[in-house]
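Enquirer: Got a structure for you, questions after.
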């Protein structure tokens, strides 16, 4: 009887030695190569990096088409008006059909932003317990339902609620899409790929203006929203039916189950016989067990919720403790403060200063062209410089400073054509910051914090940036009643953004893209952990 026990103990004690010997004799490649080869084996058959980029760019463009649609004259419309002679003209679009005041009309855009800002941190936190690719599918489904609901709305409150849900649906994509692109982009083209993604913002808004105007004027404003829902529906379905991708820094659900099962096997291994003997089903009070299980499930939900809140605040504190991240977001807030006010007050200021008859078309055209080429150029230049956080801050500060100088000089010009040339150059330089600023957000934090990093960045630049800037510039104009001076004061804030980003050059910046995740296991080691433990027998046979 003693010999089998001794043999079993020897074999058990020798198992780690066997595994370690196999690990030591297995040829290992470079860390990134191992990680990529492992992730390539786990990737679904439909996947290719370029295909993923194209899909995400189309989805991002549709998101911003919706923002252009709601602001277009064909969809937004105007209120009914009555002349002094008693002749009245019927209203058009949303404002005319629901007889909205200008304040109520403005609430529609704020409602969208409210849903976006509230839901972004929630989706970023859920990404730690739910597959991020599936969360994008959930968000796109909500977005599709909400845009269809906007087309079926019957009064102000119903369309306001649906606009909030549109923001909720977009929140998951905004928080999670950029980390996926950053994971799968070629190392030498990371910022160029991010630039292609963010280039869809001005392009989508421009297409939304055109699409909303054509559909709203030729058919009805409701069909514009229904068309958006139809276009997005296939992508929402794709998010559920295809095999999901895994995001770097997050342990997959399959590995989670295996780890839990492994722990249970260790715990239950020495106690299974004990429980089998001690538990007698005939003596169990079923009702008492059911009541206890209900109480335990309820308490479990409460504990789980409180644990999620605790994790969220812990992660937020970790982000705020990262000086590079804080400096980057502060500069982004100042930058977005100016860009938001430009987009809202620019045509009105241009019309008042230079007496433009087509100020909407002029400012819209400059923004679209410069937005596309400036965003792409910023990503390409950073890749050519070598994508590092320090180089990103150099590009951010220099491009913003030069862009601010050209825009400031443009508003000093008395001549319209001189203004157009200088302002176009300034906008081109200012938009070159889109890819570098998001590159810093993704690479200065732990991989598992990237969704929350993007979410907090989005919330901050809107709450402290473009949301308050428009009314504050309006108050300033009411006091000084001089659009040229108001524009110069607003543009000077870009120099503050450039100064903040200039400070980032001198901070100790560490690219954390390859850092160990919150699970304590580097992505490379985690991806190779399962084959080493489970396939050791197969590996030994192959080596024999």
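Quick reminder: no glycine exception, Cβ is built from N, Cα and C everywhere.
Feature list, courtesy of TrEMBL:
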- 1-17: compositional bias 'Low complexity' (COMPBIAS)
- 29-39: compositional bias 'Basic and acidic residues' (COMPBIAS)
- 52-510: domain 'Major facilitator superfamily (MFS) profile' (DOMAIN)
- 1-43: region 'Disordered' (REGION)
- 107-126: transmembrane segment (TRANSMEM)
- 133-156: transmembrane segment (TRANSMEM)
- 162-181: transmembrane segment (TRANSMEM)
- 193-211: transmembrane segment (TRANSMEM)
- 223-242: transmembrane segment (TRANSMEM)
- 324-345: transmembrane segment (TRANSMEM)
- 361-381: transmembrane segment (TRANSMEM)
- 393-411: transmembrane segment (TRANSMEM)
- 485-507: transmembrane segment (TRANSMEM)
Enquirer: What parts of the chain pack near the transmembrane segment (324-345), using Cβ distances under 8 Å and only residues at least 6 beyond its ends?
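Expert: Distant contacts of the transmembrane segment (324-345): 367, 389, 393, 396, 400, 430, 433, 437, 440-441, 444-445, 453, 456-457, 460-462, 464-470, 472-474, 477, 486-487, 490-491, 493-494, 496-498, 500-501, 503-504, 507, 509.
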Enquirer: For the transmembrane segment (223-242) and the transmembrane segment (133-156), check the count of CB pairs under 8 Å (sequence separation 6 or more) and say whether it reaches 3 or more.
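Expert: Answer yes: the transmembrane segment (223-242) meets the transmembrane segment (133-156) with 3 or more Cβ pairs below 8 Å.
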Enquirer: Average the pLDDT scores across the domain 'Major facilitator superfamily (MFS) profile' (52-510) and report the rounded value.
Expert: 84
Enquirer: Among 107-126, 361-381, 393-411, which stretch has the most Cβ pairs under 8 Å to the transmembrane segment (193-211)?
Expert: 361-381
Enquirer: Select the range from 133-156, 162-181, 361-381, 393-411 that forms the most Cβ-Cβ pairs under 8 Å with the transmembrane segment (107-126).
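Expert: Checked against 133-156, 162-181, 361-381, 393-411; highest Cβ contact count belongs to 162-181.
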Enquirer: Using Cβ atoms and a strict cutoff of less than 8 Å, what residues sit near the transmembrane segment (133-156) while being 6 or more residues removed from its termini?
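Expert: Non-local partners: 59, 63, 66, 98, 100, 104, 123, 126-127, 162-166, 168-173, 176-177, 180, 222-226, 228-229, 232-233, 235-236, 238-240, 244-247.
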